[in-house]
């Protein structure tokens, strides 16, 4: 199955994911593994005993034959045994198993049958520890202290290079470190919860990650804030970095890129800027492209950057809060280029997906949550994932601080404070800032200033946290509301307050009281 065979790829992925969701087995036998073909070309030793090839060598042959066409999932596999016409192979998780079974089965079994000279089938089993084992470096005792390269999939002989002109280039450790630091390690495909609202966007992101620059270029994912666009963007970047050699990934918010360009113009460093975004990148991930609206000079620069990348078959992935046609303040030539590839949206999650998100979040945070409480939270918070997870943190923090078990009654009390009457009233960043300033007895100007006095820092961080939880504003937009703060400042504030709410009753009470005041103020209009 060629890498660039993308016809109906997303439709196929979606259909297979739907089938996988209905299954709960950890081990599956593929395509009639209980059948066997007797003696098809298998060597027989004197005395009539079958001489089977070593299954490790057989699987190595399969990887050589199918590595390039099978995507990166084959890296995390391990052959376990062969029984008659069936080889059992271990994978680290259900996600990898589903991908191998639904997208690679035919090619793998064909290569396996070719090696054994008889019809062979696969049985896939899950071994969670395998992922850690495969990621750990293997050291040869006789090889000294030489550091080995990361494990990569083995490309098929004669396979085309991933990106034109990049097949022999060696990425320096410095370049690799820069790419890694720009991506959030918490956002991967493995922990992305798939539902009807985001299934197509997820499938498109996986397809692009498996063969960047080959199809769907550019890929544009749009939707309201807090629905998972940024998660997919980072996950795509991690996938490419983990499974492909010599590919340079750059993640950047539109705000950050715009600021870099303005500084480059002012300091006469535009050549350096262009080299960074055109020559020194193979996969460019740009978040919140809508912030290019109204920035004429930056739009022109990005137009030429887009053309340079696209002409070189380098992958471009964009996110936005609206589809291209709705970005009315963007130049028409940019909007038309955004439509060259694939455009897909993400919608607010349905109840089933919201509960699955809460279950995943609770497991990641090692929180014991009764099912009825998760269902209750999922039914009360219907807007976006960020607010959904914020409600979960509220409930668990309240229970921890008060040393109470997490019950439906407790969740009802906490969320009643979070969502009082008038919850449907619109909450703006300006309202949050004004109410926070009033609550902490500081001025609005001071809250948006650069002052680092401790009471003011806490008040500012709480206000930023509430903007994340109670509005649909993106990180850069929230930063703008606080005197032009960088989006990373907002991210830090959000993490800091979440942590303090779990540890300090005073902070939890302040956030709860302030939330109630903001909701009441919004209801009054």
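Quick reminder: no glycine exception, Cβ is built from N, Cα and C everywhere.
Record features (TrEMBL):
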REGION    1-149  region 'Domain I, interacts with DnaA modulators'
REGION    135-182  region 'Disordered'
COMPBIAS  139-148  compositional bias 'Acidic residues'
COMPBIAS  168-182  compositional bias 'Polar residues'
DOMAIN    215-344  domain 'AAA+ ATPase'
BINDING   226, 228, 229, 230  ATP binding site
REGION    400-525  region 'Domain IV, binds dsDNA'
DOMAIN    428-497  domain 'Chromosomal replication initiator DnaA C-terminal'
Checklist outcome for this item: The correct DSSP tally for the region 'Domain IV, binds dsDNA' (400-525) reads 91 helix, 0 strand, 35 coil
Item to check | Model confidence over the domain 'AAA+ ATPase' (215-344) (mean pLDDT, whole number) | outcome: 90
Item to check | DSSP-derived structure type at residue 226 (ATP binding site), helix or strand or else coil | outcome: coil
Next on the checklist: Let's see if you can do this one: DSSP helix, strand and coil counts over the domain 'AAA+ ATPase' (215-344), in that order.
Outcome noted: 68 helix, 23 strand, 39 coil
Checklist entry - Taking the centroid of the Cβ atoms of 226, 228, 229, 230 (ATP site), which other same-chain residues have Cβ within 8 Å of it? => result 223, 225, 227, 231, 232, 319, 346, 385
Checklist outcome for this item: Going by C-beta under 8 A and a gap of 6 or more residues, the same-chain neighbours of residue 226 (ATP binding site) are 383, 384, 385, 386, 387, 472
Item to check | Neighbour count (Cβ, 10 Å) for residue 230 (ATP binding site) | outcome: 21
Item to check | Surrounding CB atoms that lie within 10 Å of the CB of residue 228 (ATP binding site), all protein chains | outcome: 26
Next on the checklist: Just to confirm: which same-chain residues, 6+ apart in sequence, have a Cβ under 8 Å from the Cβ of residue 229 (ATP binding site)?
Outcome noted: 201, 221, 222, 223, 287, 319, 346
